[in-house]
Amino acid sequence: MEGICRDRLMELPASMFDVFSCSMCYHYLFHASKGLKPTATWPWPLVPTDAGRKYYHENVSIIADVRSSVARTLVCESLNDNECTRWIDCCNAAAKCCQTQLSEAVKNFTSGLFCPRTWDGFGCFDDAGPSTRNFISCPSYVEHASISATAYKDCTENGTWWVDSETSSEWTNYTTCVQTQDYQTVVYVAFACNILSLALLVPACVIFLGIRQLRAQKRIKLHLCLFLSFIFACIVTLIWDVAVYLDRLHNRRSETVMHRNSDACKLLYILTRYVSTANFFWMFCEGFYLHRLIVHAFSTPKSLMPYYVFGWLISWIPSIIYAIVRASNEDYNRSCWVYNIDTFEWLLYTPNMMCVLANVVFLANILKILCSKLQAHPNEPSNYRKALKATFVLIPLFGLQQFIVIYRPPPTSSIAFAYEVTQTVITNTQGAIVALIFCFLNGEVHTFLRSCLGTRVDMSSVTTNGRANSLSSATQITSFTSGSRGNKSFENNDKGYIPLSTSITLQDNSIANKSTNGRVSFAILTV
């Protein structure tokens, strides 16, 4: 007679147990997001979901027998290599647990009460005495699990496994397998970086908007849009982390905003994806604009309207298409849309990557032009240092630092946590770095700020020091005003765009703008 093995849901003959537990392994590991789901009757085959139509015919039915190479191939068709390995490992662990249940004798407990040996869907528990907590090592196939941690299952005083009142089924605590402290650390690092970025970006925008000579320049208008995209990204990310992410870390799944899957939560998620895309689009606009200036000898475009449309409006298109895909598919329309939907994620990744790759091309061509100019003046070695400096300055503006974290190691990797912290810092401090370089450390901004401060000091002396000081003040004010009269001159003043020096002065600008017998662009670039 065939032995009986126990799953947390039912007891089954060994041959049936292997198929059932393997089918449920797929369900517990991936739910329906990977394209298959188990049916409720023997032999519990895996059938395609709506998401699985692109991998399987509608009438496909796969018996989850991990010993069959055909079944393994079919099931793994919708999984990547890591996911396939995790599923197979879970199936093998279930089969091994069944063999252990059959081969080991039942333990004797003095009270006569005990919780029976069982497979709980992920792990194998032995017979346990009443009022005990029983531990197992966290399985490697549980996503994000630390194999050095332990999961536990409680045996109640009446000799039954503890049952979750919400699901009415036996429950094992696997939350201890996931190092939530690490995830909280990453969130707190993101908090700090976003607050730092906001603390620099907001004053930078105030400075750009408050000084007429700056806000009239087209490049400053582009900087403002980029800065605003960073500000929106910081705000939306902070709201998401507090309202959704920390809520999930601190509460049981059934009590979380993510589990309730409200429309407001999904809208917030789409906003996080939109602001990220808008960020990349504005980086592209910066790269395209600078490349155009260099290639066309600092000829500025007549209007920035195409840039505004591209940066703020066109950037909605990937997010809108992505939202339609998720909302129209029952398998994807869950858990506040946070779960990855495989190839459809490329609806968002592709335009972002194309923006960064385009900026790589722009930077390479800019460097090519710079080098060609430098070769015409080999006796000025300092120019090479300035060109190198210009390259590093443009890296955060173009978003090229993203290449540092382009490869994400698997969650089980020893460097996974270090990667997450590094990626968080690089992503969330970009706004702060750009604000520092292009506003707070920029010589042109310093010059206009000193002029404004000097003007205010002189104006205050009008009311305190009498007519003589008033005349002196008026002369200085007139000088300053006459230098800035008419926005056209400042609107097209993009010749100091590459900040090769952070101590540029108005005098330096005037020298750079003079005609030098065909060497104008070179003189400008080496200011």
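Cβ coordinates are placed from backbone N, Cα and C, and glycine is handled just like the others.
In TrEMBL this protein carries:
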- 97-181: domain 'G-protein coupled receptors family 2 profile 1' (DOMAIN)
- 186-211: transmembrane segment (TRANSMEM)
- 186-442: domain 'G-protein coupled receptors family 2 profile 2' (DOMAIN)
- 223-246: transmembrane segment (TRANSMEM)
- 266-285: transmembrane segment (TRANSMEM)
- 306-326: transmembrane segment (TRANSMEM)
- 346-367: transmembrane segment (TRANSMEM)
- 387-407: transmembrane segment (TRANSMEM)
Winner by Cβ pairs under 8 Å against the transmembrane segment (387-407), considering only 186-211, 266-285, 306-326, 346-367: 346-367
Helix, strand and coil totals (DSSP H, G, I; E, B; other) for the domain 'G-protein coupled receptors family 2 profile 1' (97-181): 12 helix, 26 strand, 47 coil
Other parts of the chain folded back onto the transmembrane segment (346-367), taken as Cβ under 8 Å at six or more residues beyond its ends: 273, 276-277, 280-281, 283-284, 287-288, 290-291, 294-295, 315, 318-319, 321-322, 325, 387, 391, 394-395, 398-400, 402-403
Model confidence over the domain 'G-protein coupled receptors family 2 profile 2' (186-442), averaged pLDDT: 90
